[in-house]
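A quick write-up on the structure given underneath.
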Amino acid sequence: MKKTAVLNAQLSGVIASLGHTDGLTICDAGLPIPSEQQCVDLALTKGIPSFLSTLEVVLTELFVERILLAEEIKQANPTIEQQLLEMINKLAQTQGRQIEIEYVVHSEFKQRSNQAKAVVRTGECSPYANVILYSGVPF
């Protein structure tokens, strides 16, 4: 049995397959996901798993160079935004490199999410709890 943080085989495989600059979207239960896009659907019920708990586990295995958020999260979900930014700042310290943070309007976020290599759907049911993580290289 694997002893690293991600036990879900499909999610582990997606993370392992990411190359430099590939995007991985982690989203709430409501973000539209095209049928042709690879989706790791972890949603069990409302709130399980949460967006932040899923993000926390993914960040243990992914080297991140930048992230993308919807601008609307600042007003509609500031608590989630603040906790997410704290996690990203902690990760940047661990990685020894700054992580670029970019905001776009939600309609642009959805278009960019459609270009991600895969989407991880959580059971989160709060507004704009979505992020695109762009893979970096640890060397």
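Here the Cβ of each residue, glycine as well, is placed from N, Cα and C on the backbone.
Annotated in Swiss-Prot:
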ACT_SITE  H20  active site, proton donor
BINDING   D28, H106, Y128, A129, N130  substrate binding site
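Feature map: Swiss-Prot annotations on the structure.
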{"residue": "H20", "record": "active site, proton donor", "Cβ contacts under 8 Å, 6 or more apart": "S135, G136, V137"}
{"residue": "D28", "record": "substrate binding site", "Cβ contacts under 8 Å, 6 or more apart": "F51, R121, T122, E124, C125, S126, P127, Y128, A129, N130"}
{"residue": "H106", "record": "substrate binding site", "Cβ contacts under 8 Å, 6 or more apart": "A70, E71, E72, Y128"}
Taking residues D28, H106, Y128, A129, N130, which bind substrate in the record, the widest Cα spacing (Å, whole number):
13
